[in-house]
Amino acid sequence: MSIDINNRLYTALVTPMFVDGSIDWGSFENLLRIQEYQGCGILILGSTGEALALDFDEQCEVVRFVTNLNLNVPIMVGVGGFQLTKQLQWIEFCQTQRVDCFLVVTPLYAKPGSASQTSWFKTVLDKAERPCMLYNVPSRTGVNLAEEVLTSLKDHPNLWALKEASGDIQRCARYQELAPNLVIYSGEDGLLPELADVGVKGLVSVISNIWPEQTKEYVKQSLAHQIAITDKVIWEVATRSCFSVTNPIPVKAWLAYSGVITTNTLRAPLLANELEDLSLLIGADSLVKDWFSHI
């Protein structure tokens with residue numbers, strides 16, 4: 001079966017865990033099947049999936065587990081770190097599995113400049129045998145994706161898309177201007193309507209862990225420029241509820257509360273008790289479900 005990677009909605013999936021921190025495969029499959037049922041593309045081992053808190057063997061086990069389920073939606077795998085050789089080894093492993101595409105983040109911690117970024121991304125793209133989505137998220141990496149990366153690599157056969165999560169609408173528009181054939185996805189749930197106005201074609205979402213069906217409708221309306229201002233506010237509230245403390249703490253808390261996964265456990269350095277209560281999530285859940293009931 002051919003998989004279309006140009007899904008308008010990808011869910012950046014959490015990695016469910018037992019209280020002892022081991023991966024909860026039963027909850028993981030439950031979460032994956034829910035996303036598959038709604039037709040959402042799936043991103044595993046991104047920051048929401050706590051990829052860097054898992055060792056290499058665990059990461060490989062996650063990829064094997066997910067791909068062996070033979071889901072009928074596209075599977076994207078996160079590529080991110082500091083040591084280039086390890087990222088290339090990771091890509092090499094993933095390409096032995098049924099992985100459809102990669103999410104490749106700007107190198108972490110080092111804050112590389114234009115030339116360094118371009119060299120890094122070219123090396124990764126050359127290694128990849130799958131379409132790649134670059135990822136600009138300066139709040140996590142400390143640096144924006146350099147414009148030179150796009151001007152230099154926009155015609156690379158393995159460069160497919162960009163996830164833009166700087167929160168800067170004009171920057172997103174500039175990236176689209178520099179690489180007009182690049183498919184740009186919003187990495188900011190609450191900004192999708194505004195980013196759609198400058199050419200964004202989809203969303204890589206955190207909140208769709210909780211509300212996959214409703215988020216699909218939100219994406220549909222946003223990309224069609226049909227979402228009302230009052231409705232947009234609802235999705236801004238929903239987004240804030242999932243980012244009141246560091247992601248994925250709130251999302252895991254709600255999924256455990258609602259019985260989708262067994263616990264809200266995270267790996268160090270994150271602790272579940274940073275979220276003091278569920279009041280924001282309870283309020284957002286009510287708003288989102290009421291909005292959807294009137295569609």
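Cβ from N, Cα, C; glycine included.
Going by Swiss-Prot, these are the annotated features:
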{"type": "SITE", "residues": "Ser47", "note": "site 'Part of a proton relay during catalysis'"}
{"type": "BINDING", "residues": "Thr48, Val204", "note": "pyruvate binding site"}
{"type": "SITE", "residues": "Tyr109", "note": "site 'Part of a proton relay during catalysis'"}
{"type": "ACT_SITE", "residues": "Tyr135", "note": "active site, proton donor/acceptor"}
{"type": "ACT_SITE", "residues": "Lys163", "note": "active site, schiff-base intermediate with substrate"}
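All features noted in Swiss-Prot, drawn onto the structure.
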residue: Ser47; record: site 'Part of a proton relay during catalysis'; Cβ within 10 Å: 22
residue: Thr48; record: pyruvate binding site; Cβ within 10 Å: 23
residue: Tyr109; record: site 'Part of a proton relay during catalysis'; Cβ within 10 Å: 11
residue: Tyr135; record: active site, proton donor/acceptor; Cβ within 10 Å: 26
residue: Lys163; record: active site, schiff-base intermediate with substrate; Cβ within 10 Å: 28
residue: Val204; record: pyruvate binding site; Cβ within 10 Å: 27
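Between Tyr135 (active site, proton donor/acceptor) and Thr48 (pyruvate binding site), the C-alpha separation comes to 14 Å. If you take the CA of Lys163 (active site, schiff-base intermediate with substrate) and look 10 A around it, the recorded positions you hit from Ser47, Tyr109, Val204 are Val204. Closest to Tyr109 (site 'Part of a proton relay during catalysis') in space, going by CA atoms and restricting to the recorded positions Ser47, Thr48, Val204, is Ser47. Separation of the C-alpha atoms of Val204 (pyruvate binding site) and Ser47 (site 'Part of a proton relay during catalysis'): 12 Å, rounded to the nearest whole number.
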